Amino acid sequence: MEIHESVMQSSGFVIFKLVLAFFRFVLVKSFEKASIAFLSLMEGLSMKGTAEDDVATFDQLSKRWWEPNGPMILLHRLNKLRVPMVVEGLIKVGKLDRKQRYTTDALKGLNILDVGCGGGIYAEALAKLHANVVGIDPARHLIEVAKAHVETQSDIKDRCQYHEQSMEEHSQGADGKYDVVVLSETIEHVVDKSSLLKHVAEVLKPGGSVFISTWNKTNWSWLLAVVVLENIMKRLPKGSHDYDKFVSPEETEAILEAYGCRTIEQRPFYLKFWESEWVWVPFNELTYALHAVKG
């Protein structure tokens, strides 16, 4: 009981610090900037993006995808959490030895599919650890960016390939092909999540792992993603996130379970947006990552 109370107090302290930092950040904004943000907010909150709209939005950002401090800074910074989670997760299920945790070829020999790969930020990071990576995305310009960028990376260009495809298209003839499938900041842009995860399960080998990171479906996640990051701070493309497409971890786990994938870990994380840094946190109101295993 004392341990439980201590954990609750610790979680409360973390939340208090984050809330305090948020209000400190807001208070230093000038009235002029707040007024402009308000006008943008009124326009942006009403936007409902179709699948085609999402593709077009990210296509427009393709030219600046690989700028570390550009529009995609949050994806670049997210590698700090999502790449180690893959390595640690595979160690937990016995696919990797603990000695491989910090090696430069930790994922050597593994076949990984990156669904919704965009311009290849996540895919290349996995290939740097010697995985054989295939990235798929329906956005043509992003696939062009990914292909062009990987050609400049002599150490991984033979292990990393990209295709302009949907998950449904790629799954044809690919049953049991992959050791790992990753979907990072992807599922919240898809309407039919059940169909998507059905095809993901099909292409996984028995015992294979799927790693997902996405936004929880809460009022807090809407406030941070749509209001703050899209419309006030402009850290995310306006209109790229639709609350109706957000999905709770419970729903994600249930869909995976229906297709034979058991969730073994779920970890909440949070964006310290005033520093553009992602951190693991003890509360599950905003964003989460999960690891499920087939079979």
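Glycine residues also receive a Cβ, built from the backbone N, Cα and C atoms like all the rest.
What TrEMBL lists as S-adenosyl-L-methionine binding site is Arg82, Gly116, Asp137, Ser184. Among the features that TrEMBL reports, Mg(2+) binding site is placed at Glu185, Glu188, His189.
The residues near the Mg(2+) site, meaning same-chain residues not in Glu185, Glu188, His189 whose C-beta sits within 8 angstroms of the mean position of the site's C-beta atoms, are Gly116, Thr186, Ile187, Val190, Thr214, Trp215, Ser240, His241, Lys245, in sequence order. Straight-line distance linking the Cα atoms of Asp137 (S-adenosyl-L-methionine binding site) and His189 (Mg(2+) binding site), rounded to a whole number, equals 12 Å. Between the CA atoms of Gly116 (S-adenosyl-L-methionine binding site) and His189 (Mg(2+) binding site) there is a gap of 9 Å, rounded to the nearest whole number.
Considering other CB atoms within 10 Å as the measure, the emptiest surroundings among the binding-site residues Asp137, Glu185, Glu188 are those of Glu185.
Between the C-alpha atoms of His189 (Mg(2+) binding site) and Arg82 (S-adenosyl-L-methionine binding site), the distance comes to 18 Å. The binding-site residues in question are Arg82, His189, and the one with the fewest Cβ neighbours inside 10 Å is His189. In this view, Ser184 (S-adenosyl-L-methionine binding site) is surrounded by 26 other Cβ atoms within 10 Å of its Cβ, with every protein chain counted.
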